[in-house]
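Novice: Below is a structure I'd like to ask you about.
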Amino acid sequence: MRKLFLSSLLISTLIGVLITIQACQPNVSIETAQYAVNGQKLYTTHCQNCHGAKGEGLGQLYPPLTDSIFLNKHRSQLACIVKNGMKGSIEVSGKKFDNEMPGIPQLNNVEIAYILTYVTTTFGNSTTTYTQEEVAKNIASCD
Amino acid sequence: MKIAIKQSLLSLFFFAAIVGCAPKADKKLPYIGEPDIEEKIVDGKTITDTIYHRIPSFSFLNQDSVLLTEKAFDNKVYIANFFFTHCPSICPTMQRNLLKVYEKYKGDDRVSFLSHSIDFKFDSPSVLKAYAQKLGVTNEQWQFVTGSKKDIYGLADQYLVYTREDASVPGGYDHQGYLVLVDKDKHIRGAYDGTNEEQVAQLFTDLEILLQEK
């Protein structure tokens, strides 16, 4: 009887854990989830002051990072924007932004990959890792 | 028996704690800053008077290039802070939080907002104007001012906020992100770290208390 109770407890715990994992990370691999977790720490340090804890931006000063269409369309430029900053006018979520963004040149490729995985999977609708290789390839062709 | 006494004592304690926490109508905020104790002789008797720290008079250019003095805040509760428009560190978070307070009290003429720029080189009135518009400030209730380094930094000391020009920090200026709550008589009644969510929540509570004060 006791054995039965214990084993059913174990099974239900396992199911519970599985459901929790599933609920937290829908459709992403363990690797992507790890990149995103590392990226969140870097995001808090380097990006959150302006872009906000939920990527909500601030008025027309700093654009939100929640516009999936923008993120997908400009995916190959994101690494350069993080590293070198950005000038000029852009349209995000239907609003115009023209403040200059400072770059963070001291970040290395893997750190940029962490940040962009976090941003594109948490605020955007991406389900894949923004890999180091992708960062390296895009950095090589920054304008 | 002993247990019963213990239990009733315990419940009494909890009751007291709950009652103690209940908001009271006569709750008052503290006066912040070093008070002056003045001795006066009235009708032959010596009486002592406590003069609380007050924000002195000031005169700055605002976002419309109009001179703004402390008179604009007479009989108003206001929240003051120190920032600069291209500040890469704490300012955006601080202004994001102050914007929440502004949005709640927009149109309520008992409450005003005053942001001082500590970047006297770059933040001209037109830069401040563009900043205010982009932040989402649409009326006169929130003023943005610029002045000489001596005047702005000197006034920051009076608000008990640390400001310094420092080439070694990002953006070139070092400062604290306090949101300073000032009452109708220009006494400081609270200071809240504008980058800390709990303290900003406390500001919302304290501002209501201050508005209820007679």
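Note: Cβ is positioned from N, Cα and C throughout, glycine not excepted.
TrEMBL does not curate its annotations; it predicts them automatically.
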Novice: Do you know which of B:H175, B:H187 TrEMBL groups with B:C87, B:C91 in the Cu cation site?
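Specialist: When TrEMBL describes the Cu cation site, the candidate it includes is B:H175.
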Novice: Any idea what DSSP makes of B:H175 (Cu cation binding site), helix, strand or coil?
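Specialist: DSSP call for B:H175 (Cu cation binding site): strand.
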Novice: Give me the count of other Cβ atoms within 10 A of the Cβ belonging to B:H175 (Cu cation binding site).
Specialist: 26
Novice: Any same-chain residues 6+ apart from B:C91 (Cu cation binding site) with CB under 8 Å of its CB? Would you list them in sequence order, or say none?
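Specialist: B:C91 (Cu cation binding site) has long-range Cβ partners B:F83, B:F84, B:G177.
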Novice: What is the number of other Cβ atoms found within 10 Å of the Cβ of B:C87 (Cu cation binding site)?
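Specialist: Counting Cβ neighbours of B:C87 (Cu cation binding site) within 10 Å gives 24.
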